[in-house]
Amino acid sequence: MSDKVSRRQLAKIAGLSAAAMAGALEAAEAKPAAPPRNGGGFPAGFVWGTATSSYQVEGAVNEDGRGASIWDKFVRIPGKIEDGTTGDRANEHYHRYKEDIALIKELGCRAYRFSVAWPRVFPDGDGKPNPKGLDFYNRLVDELLKNGIEPWLTLYHWDLPQSLEDRFGGWRSTETCKIFGDYAAYVAEHLTDRVKNVFTLNESGRFVYFGYGIGIDAPGLTLPQAEVNQIRHNSALAHGFAVQAVRAHGGRGTRVGPAENIDACAPAIDTPENVRAAEIALREMNAGYLNVIMTGGYTDAFLKYAGPNAPKFTDAELKIISSPVDFLGLNIYAPQNYVVASDQGAGFMPLPIPKSFPHMNSDWLRVGPETIYWVPKLAAKIWKTDAIYISENGASGDDMVRPDGRIYDTDRIMYLRNYLAQLQRATSEGVPVRGYFLWSLMDNFEWVYGLNKRFGLYHVNFDTQVRTPKLSASFYRNVIANNAAGV
Ligand code: BG6
């Protein structure tokens, strides 16, 4: 029956001429933004942005003296990238950045989160800087500012200089952490006269485990748990060195903080006991990185659970790790743990997630909009922060180009509408979320998926490099214009 209905609807849509459909849409999109219908939107001054990262969009991997990164090597290992592609060319953003900035402006975004490719600036990770590499970011920042868009810079989005992996074992060594601090100081010295917000490392929670634990991200290693825990500790130390470097070398008013894919916990059912359990869970499930950064200590439960695999550390390191930050950047996509209260263990129990739980085009991307309400709310309480930014949120889709040349990504719009409605619920209750960066501005090189997964507001034809706005670009433009989720 439902099959029949959908077939009938399809026939009806097919009956509309492409031109009529495009005309109707253009008319709808041209209408002035409707006022928020739910009595309020986001707070005034809320920062609306989009995000990308260097290796995923820049291409030009051999140009202007850029050194190799661990991803340049990893993508060449047969079978590692689903479709066999690489980031060699990606979106050619290195050359097309002006065109891409025009796309950001078209959305009405006030901010753009990008990352600096460490091996562009220091081809070997340390030693002699490469002025041509830095120049690219000077040009990018100037062009953003010229267009009224604030640059938000990430120091590390996974493209570790290969030389550091070869010489020191990459993040296995605290030498890399110190060198990261030097690189952060250099970037701060040269760019924070114009860049006022700096994220340190993107997603320790992913690159440590995926890269060094299960080998599905660069550098592709499968080390024992004790080493993985030590590497996670090193990533927190690197974050701390970077915070100190930005403080010491940054221009006046430069702010710095992490951008972490927080292990997202939410109460399965909203009762006071479960909310309390979710709060404990959020702290404990993030004890290896965010909690130590924010509090300066590993929790007893974490150390007990890790047992002999617990990281080795000194008090001096904990001090560096917990250098005060100006904001908390949270990448929130999918619920990780729905929890209920328990009288066992630490006081919470994560529930098994059924196979039938709905997800977006990527299997891992479960649809749990309330996550973006609970996680910032509980995080603000646990870590007493008054500035949270959603440093990433977004969804993959199949994003087929229809015969009329357009992409009707109503699935992405559904996802965004629901997440933004929950985020608005949070801000209207006073949860201190100050901004939101949508992942991603445009389709790009999606790591292990290659070009197979599309997260962009703009569709990219990777043969011609033509960018085409998806319907979600109009949706997001409307959200920004209204400063409201539009529910
Ligand atoms: C985040 C990363 O984890 O999710 C992005 O910071 C990434 O770089 C995005 O593109 C989507 O992840 P994936 O694994 O589906 O490519």
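A Cβ is built for glycine as well, from the same backbone N, Cα and C atoms used for every other residue.
Predicted automatically and left uncurated, TrEMBL annotations should be read as such.
According to TrEMBL:
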{"type": "SIGNAL", "residues": "1-27", "note": "signal peptide"}
{"type": "BINDING", "residues": "Gln56, His157, Asn202, Tyr333, Trp439, Glu446, Trp447", "note": "substrate binding site"}
{"type": "ACT_SITE", "residues": "Glu203", "note": "active site, proton donor"}
{"type": "ACT_SITE", "residues": "Glu392", "note": "active site, nucleophile"}
*Provide the number of Cβ atoms within 10 Å of the Cβ of Trp447 (substrate binding site), excluding the reference atom itself.*
24
*Looking only at Glu203, Glu392, Glu446, the recorded positions on record, which one has the least crowded Cβ, with the fewest other Cβ atoms within 10 Å?*
Glu446
_Residues that sit under 8 angstroms from Gln56 (substrate binding site) by C-beta distance, when 6+ apart in the chain_ = Gly87, Ala90, Asn91, His157, Ser440, Asn444, Phe445, Glu446, Trp447
*Cα of Glu392 (active site, nucleophile) to Cα of Trp439 (substrate binding site): how many Å, rounded?*
5
*Residues within 8 Å of the Gln56, His157, Asn202, Tyr333, Trp439, Glu446, Trp447 Cβ centre (excluding the substrate site residues themselves)*: Ser53, Glu203, Glu392, Ser440, Asn444, Phe455
*For Trp439 (substrate binding site), write down the residues of its own chain that are at least 6 apart in sequence and whose Cβ falls under 8 Å from its Cβ; none is a fine answer.*
Thr50, Ala51, Asn331, Tyr333, Glu392, Asn393, Gly394, Phe455
*asked:* What whole-number value in Å do you get for the largest C-alpha pair distance within Gln56, His157, Asn202, Tyr333, Trp439, Glu446, Trp447, the residues recorded as binding substrate?
replied: 18
*Cβ-Cβ under 8 Å from Asn202 (substrate binding site), same chain, 6 or more residues apart: which ones?*
Ser53, Ser115, Thr154, Tyr156, His157, Trp158, Ala259, Asn331, Ser391
